[in-house]
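Features of the protein shown, as given by TrEMBL:
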{"type": "SIGNAL", "residues": "1-16", "note": "signal peptide"}
{"type": "TRANSMEM", "residues": "149-170", "note": "transmembrane segment"}
{"type": "TRANSMEM", "residues": "215-236", "note": "transmembrane segment"}
{"type": "TRANSMEM", "residues": "248-276", "note": "transmembrane segment"}
{"type": "TRANSMEM", "residues": "297-316", "note": "transmembrane segment"}
{"type": "TRANSMEM", "residues": "361-381", "note": "transmembrane segment"}
{"type": "TRANSMEM", "residues": "393-418", "note": "transmembrane segment"}
{"type": "TRANSMEM", "residues": "438-459", "note": "transmembrane segment"}
{"type": "TRANSMEM", "residues": "471-492", "note": "transmembrane segment"}
{"type": "TRANSMEM", "residues": "512-532", "note": "transmembrane segment"}
{"type": "TRANSMEM", "residues": "544-566", "note": "transmembrane segment"}
{"type": "TRANSMEM", "residues": "586-612", "note": "transmembrane segment"}
Amino acid sequence: MASLWCLLLLALPVLARDVTDEEYSRFPRLYQLDDYGACLARPGGLYCLGSFHLAPLQQPHALYDMLQEYSSDRHHFNRTQLHRGYCVSARCPRLHARSPARRFERCAALRARRLALRASLARLAYCRTHAQEYARQHSPAPLDLPQKLFLYVLGAIVALNVAGTVYDVATGDHAKKNPVLSSWSVRGNWRRLTASCADGDPRLAALSPLQGVRVLLMMLIMATHSGCIHDMLYLYNPRWIEQISRHPVLMIFLNGTAVVQIFVMLSNFLLAYNLLLYTKSNPISLRLLPYITLKRIARISPVYLLVTGYAATWWARSGSGPLWAPTVGAESDACRRKFWTHVFYVNNLLDPEDICLVQTWFLAVDMQLHVLGALLALRLARRPRAPRRLARLLLAACALNAALAYAFGWKSIVYFAYPSTLKTMYSGIPSFAWLYQAPWGSLPACLIGLLLAFLHFELQEAGVKVSSYQWLRVPYALAPLLIVSWILAGNYVRQFDAPWFTAAYVALERPVLSLLAGGILLGMLNGLEGWLKHLMAWRGWQAMGRMSLSVLMLHWILNLSLAASRPQPITTSLFSVVVDWAATSAASYALAVPLTLMLEMPAARCVTALVLRREPKRA
């Protein structure tokens, strides 16, 4: 119900205006796109896309001064820079120049001169001719080696699944089977995907609400990214974005990006808790670290690298349109340049501003902190007072982030999450590259996950019934409201920009959110009831939660492809963002089914059968 109220509030018109409607109507359009297909269908057609800086041709210039004043507001786009996609051959047929770019610039300058403004080309995205478009459609470029390799890998995956499924069906359910070959059975993996947790270890079955939490977080991430993509592309009504960015409720999506920390916390909680259960009947030592790391790589890398490989090879060839090349094409090029960094999970550390699939920074951080978390869990598993040691490490990690933020001037995302910076996905903002995407920025969430796992395990071993402490029910019930309140507090925090304050906020923002979420987690797992637990424990979330990795990797490609293929500027609104989010969510989960069944689950099982079953019995 709370989320519905948020959406209703978000839909309300925002009254804050810096200019009147009459004054705004005098502004030149921020974005403009001519008909791309019709332009390049005609012989001699020339279509160019780029950005232009405006300057006055005379002084004083009332309109230009108004544009500058309007642009000085952080909630507004820069109105002295216009973005144009012109059919130059149709708009300026009699205009000739030495190069297409020069012709494009002169054509735009003629239009700007009507407002006594000078337009100079700031950035050229591309110029394309009829001949180039005809060749693309009728004589596509030959496949290069990476594209061929992707097809070979795809064919091998299909062949393995066919062989594994045929073998599984032919041998029946009761025969002793080859674990490597049977791991590639679609039938067997479907059973695992749809299995209930209720039939397994009671301690692990108690973790079933976590699948619902994963689905909820994925939905929030996809909704946020749908709004981001609208901001990044050409808009018919950019003023709606400018006005809605002032709405306090929007902070749920701007500052709510910190909820990714809950994924980090959950990942390390499950790592440590499963390891602690293992120690009850098995010896333990650092010799387990390579096996834990390999198991994590085997689970994440196949899906991660296949989807990134598609983005680097075939994504750019899958569509066209005026905005396709500067969005999908540019990101595909980044994926090709940085593919090797994704293989080794260092894409967030090496040239982090060159982004290939914006969500992949999380997988790099998750892997880096998973190794660290496993190391700490192995060292502390049999030591007394492990929670106290982890608590001290948590305080040290928060202090480290505060010191780094103070020394380098890094700030929380609430200080730079505005329409103009979001349009470029925070390019050129060090705080995003070196704090938001960096492992040390998520280190407190990792330590909180480990701390909660040790606390939960010790409570179970001591036989403590948390549900019997009635006073805990009130903070448990209030925790969801406190999470929303903490996120919305970003509206108030923005007012204070003293270095000591911004550094302190960096130290507290993510850990406080993770601790509040961790409190809900501990309550759910220790018998505290409530509407949230019942909702998250619904059996329908189980399969969807197990597909979270595939959905995480697929949704950005699907959403950006949907938006970038539109031939005209987007008319954005709450309804259009929700429609894009719903379409992306449905398509992501639909495609995640075969990706999970045919790659993620069989690859992990296959590696387990080949290597991890030989895990040393003695520590």
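The backbone N, Cα and C atoms fix where each Cβ goes, and this holds for glycine too.
Where the annotation comes from TrEMBL, it is an automatic prediction and has not been curated.
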Contact yes or no, the transmembrane segment (512-532) and the transmembrane segment (248-276), 3+ Cβ pairs under 8 Å, gap 6+: yes
Any contact, the transmembrane segment (215-236) to the transmembrane segment (248-276), with at least 3 Cβ pairs under 8 A: yes
Stretch with greatest number of CB pairs under 8 Å, the transmembrane segment (544-566) reference, 297-316, 361-381, 438-459 candidates: 297-316
CB contact flag for the transmembrane segment (361-381) and the transmembrane segment (586-612), at least three pairs under 8 A: no
Any contact, the transmembrane segment (248-276) to the transmembrane segment (393-418), with at least 3 Cβ pairs under 8 A: yes
Intrachain neighbours beyond the transmembrane segment (438-459), with Cβ under 8 angstroms and 6 or more residues off its ends: 260-262, 264-273, 276-277, 348-349, 352, 364-365, 368-369, 372-373, 376-377, 380, 386-387, 390-391, 393-394, 397-398, 400-401, 404, 466, 510-511, 514-515, 518, 521-522, 525-526
Residue numbers, six or more beyond the limits of the transmembrane segment (393-418), whose CB comes under 8 Å of its CB atoms: 74-75, 245, 251, 254-255, 257-258, 376, 426, 429-432, 434-436, 440-441, 443-444, 447-448, 451, 490, 493-494, 497, 499-500, 502-509, 511
Beyond the flanks of the transmembrane segment (149-170) by 6 or more, those residues with Cβ under 8 Å of it: 143, 177-178, 181-188, 306, 309-310, 313-314, 597-599, 602
Remote residues contacting the transmembrane segment (586-612) - C-beta distance under 8 A, at least 6 residues beyond either end: 157-158, 160-161, 164, 179-180, 183-186, 189-190, 192-193, 222, 291, 294-295, 298-299, 302-303, 306-307, 544, 546-547, 549-551, 554-555, 558
